[in-house]
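These notes concern the structure reproduced below.
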Amino acid sequence: MASMISAEKRNPAIVILDFGSQYSELIARRIRETEVYSLVMSYTTSADQLRSLKPKGIILSGGPGSVYEEGAPYCDPEIFNLGIPVLGVCYGMQLMVHELGGSVKPAAGKAEYGKAPLEVDDPTALLTNVISGSTMWMSHGDSVQKLPKGFVRLAHTSNTLEAAIALHDKSFYGVQFHPEVVHSTHGMVVIRNFVYDICSCEPDWTTNLFIDEAVSQVQQHVGDKKVLLALSGGVDSSTLAFLLNKAIGPQLTCMFIDQGFMRKGEPEFLMSFFDEKFKINVEYINARERFISQLKGVTDPEQKRKIIGREFIRVFEEESLRLGPFDYLAQGTLYPDVIESSGTNIDPKTGERIAVKIKSHHNVGGLPKDLQFKLVEPLRRLFKDEVRKVGKSLGLPDEIVRRHPFPGPGLAIRILGEVTHEKLNCLRDADLIVREEINNAGLYNKIWQAFAVLLPVYSVGVMGDQRTYAWPIVVRCVSSEDGMTADWSRLPYAVLEKISNRIVNEVEGVNRVVLDITSKPPGTIEWE
């Protein structure tokens, strides 16, 4: 596959060495929130490579391994001789202890998962301004049994004696909890202390700076070549359209492929918004029948995603011959897309991520190997909230910037089982009601996603003294900061009642509404 362009040219102030944690990219995001640039790299990165990058700090991420087991991932031990501050998080702390002469064993009592009060023993350096009793997020089955020479305890919990440690004279620190997770109430204080007080970083990573660097890199790589953008109308592709328009102007052609799986009224809104209001040329391609015919009889969700991804690119290739030629395909791929499609486990022999898939994403999992385009993906290192900030800075209005995330395969993966015209029409009407009532209640901007799901089973009901057999609709509303983790939104009963009453009365083919109250993990936000 052709090379990818992403906005990453500068040296990072903080390097995160990834040992397979699901939160490695989240650490990078938290650091960027402090306006300091960070980069995630493989744990196999050598000390010499790190020295050449000249970072001001190194973070060793968590991971699923145990340092005392054969095949556990280890970093280059020379990293501890670079004279650079190091913060070990969870597995990273255990690794540092193990490498520097301490010992790690399975937790003597029980594994510690979830929230735990942190009792601060030494409120200095890393734990400055961290209030004793603050809630921190734990996720570990091993514990430090013996500290290396010179290390001191900074904090403990009821189950973990060495919850935070330090070797002050070398600026080595470790925390058994995850400060990057939103559940850690003073986690950002810990991160800021490390980034600013210990590593002496300067705040030089801002939204406008990202835009300037992304524009410059796109211009450098694309040159005078033409770029074709897959425009969906969501915040990701819309932000990308504005960014590329700023970078290369008339070299950009936006193409909206209506695959028939959009929400109600979206194709019309998209065309009028970009073409009429912002004068950005958008080529409209009606491929509804092509897509749905390819899904006939298909019930496996992974197959649906692959087929939609394949057809999506094929249409692009065909239309590019008519409109082009084009050299580059632009995609609004984000960090969570890449993480969930590649898995997070690490092969200790190669240092590569093992593809333990959660599910393939439309942007990255459905691409055919014979793809004829080079890829332009300047947003692939950003989280959703960062993309919204970029879009806002580029001039996108709130009606686009604040739109809820919508999957590339659209309603096709919110209909469990086979996709039909009848089911699509039913789901569109139900989904519109969910979003209308959420908006009417003033909750739209307080919720990460709110949508409907159609189940491929029949539920018995009674309407007008008649027995009915119709589809149930699932209402899915979640709160999140980045899509990596999510919790179900506690909607007022009055809002839920309106949604339910309207759906069963206004949507043909539905006689039951249920509420999904599953968090992520263990579930995912989407049902397929």
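Just so you know, the numbers here start at 1 and follow the chain as drawn.
A Cβ is built for glycine as well, from the same backbone N, Cα and C atoms used for every other residue.
As the structure is a computational prediction, the values presented were derived from the model and not from experiment.
According to Swiss-Prot:
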ACT_SITE  CYS90  active site, nucleophile
ACT_SITE  HIS178  active site
ACT_SITE  GLU180  active site
BINDING   SER232, GLY233, GLY234, VAL235, ASP236, SER237, SER238  ATP binding site
DOMAIN    13-204  domain 'Glutamine amidotransferase type-1'
DOMAIN    205-403  domain 'GMPS ATP-PPase'
Going along the chain, which residues six or more apart from SER238 (ATP binding site) have their CB under 8 A from its CB?
LEU231, PHE274, GLY391, LEU396, ILE400
Over all shown protein chains, what is the count of other CB atoms within 10 A of the CB belonging to VAL235 (ATP binding site)?
24
Give, as a single whole number between 0 and 100, the mean pLDDT over the domain 'GMPS ATP-PPase' (205-403).
82
Taking 8 Å from the centroid of the Cβ atoms of SER232, GLY233, GLY234, VAL235, ASP236, SER237, SER238 as the cut-off, which other residues in that chain fall inside it around the ATP site?
LEU231, THR239, LEU240, ALA241, GLY332, ILE400, ARG403, PHE406
Number of other Cβ atoms within 10 Å of the Cβ of GLY233 (ATP binding site) across all protein chains:
22
Restricting to the active-site residues CYS90, HIS178, GLU180, which ones have a CA within 10 Å of the CA of SER232 (ATP binding site)?
none
How many other Cβ atoms sit within 10 Å of the Cβ of the residue listed as 'active site, nucleophile'?
24
Would you mind reading off the Cα separation of GLY234 (ATP binding site) from GLU180 (active site), to the nearest angstrom?
27
Going by Cα-Cα distance, pick out whichever of the recorded positions CYS90, VAL235, ASP236 is nearest to HIS178 (active site).
CYS90
